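S.K.: The annotation Zn(2+) binding site is assigned in TrEMBL to 99, 101, 155, 158. Residues or ranges marked as region 'Disordered' in TrEMBL: 27-52. The feature signal peptide is assigned by TrEMBL to 1-18.
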Ligand SMILES: [Zn+2]
């Protein structure tokens, strides 16, 4: 007999899965707390760029226990896995060099189907040809996976960049060494917002040390340093990565098709969900850079100038020789 209880269970299963026919009822276990759907949408109001209010922020909960994690995998197996299986037959077009502490993955930020993009993360999305892990990941993405775009993705409020500014004694030497290139950038940058932040944190007369606390994520100098750090990564990729060789000999797929690889610098704003372009894209010599539809940050232009016009202009190759 089809009881009300059975009907309620059926309704629940239809709700949690787009593919109710493949649900394995025997493997379902109760979860102690609400479980977010896999590949959840960004926590933002569609079509709005306004920061989220507290009620919106409290409308979802994260994963906290191993049981939550297990249940999430169960939901994934029953739903998004089927979508991912289709995507895995396709070559990924995008590789992201991202940050460990950016908890919203590119898949979430760009609402990408599971498995459609590849990522390499470290603290504060840094690239250096002296980092064998990052260098091998880029080489692999180009040579074996034939990605078309490599994106250095920074995020405002980055704890790694914050560590480089605050130089807190709470951070281990290992972490401070890792972010030292960003500390050096902070110390030497002539970008106005960073200079203002730096001056405000200097030791005052009669004090041994300056401000040690972290600046707020909204601080213009902090935001500027996040942007400059992304640009630094793109610059390193341009000058010192395997891309130079790839451009010289050309990248071809197994079917001997030419792949043009372009590199971009983006920054993600957790407060609004917006992704901004830093207008530092480059690609194979002589190849026009595809139009980047994300809004370019005008605030970044006072330091990295286009070689020909002295200002940032969409679609032009960034002049890596200018500015610092
Ligand atoms: Zn970060």
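Along the chain as shown, the residues are counted starting at 1.
Just so you know, glycine gets a Cβ as well, placed from its N, Cα and C.
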S.K.: Please work out the number of neighbouring Cβ atoms within 10 Å of the Cβ of residue 158 (Zn(2+) binding site), leaving out its own Cβ.
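M.R.: The Cβ of residue 158 (Zn(2+) binding site) has 29 Cβ neighbours within 10 Å.
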S.K.: Any idea what DSSP makes of residue 155 (Zn(2+) binding site), helix, strand or coil?
M.R.: strand
S.K.: Under 8 Å between C-beta atoms and at least six apart in sequence, can you list the same-chain neighbours of residue 101 (Zn(2+) binding site), or say none if there are none?
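M.R.: The answer is 123, 158, 159, 160.
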S.K.: Compute the centroid of the Cβ atoms of 99, 101, 155, 158, then list the same-chain residues not in that set whose Cβ lies within 8 Å of it, in sequence order, for the Zn(2+) site.
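M.R.: Those within range, site residues removed, are 98, 100, 102, 124, 125, 154, 157, 159, 160, 161, 226.
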S.K.: Same-chain residues six or more away whose CB lies under 8 A from the CB of residue 99 (Zn(2+) binding site)?
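M.R.: When sequence neighbours closer than 6 are ignored, residue 99 (Zn(2+) binding site) has 121, 122, 123, 124, 125, 153, 154, 155, 158, 160 within Cβ distance under 8 Å.
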S.K.: Other than its own, how many Cβ atoms are within 10 Å of the Cβ belonging to residue 155 (Zn(2+) binding site)?
M.R.: 26
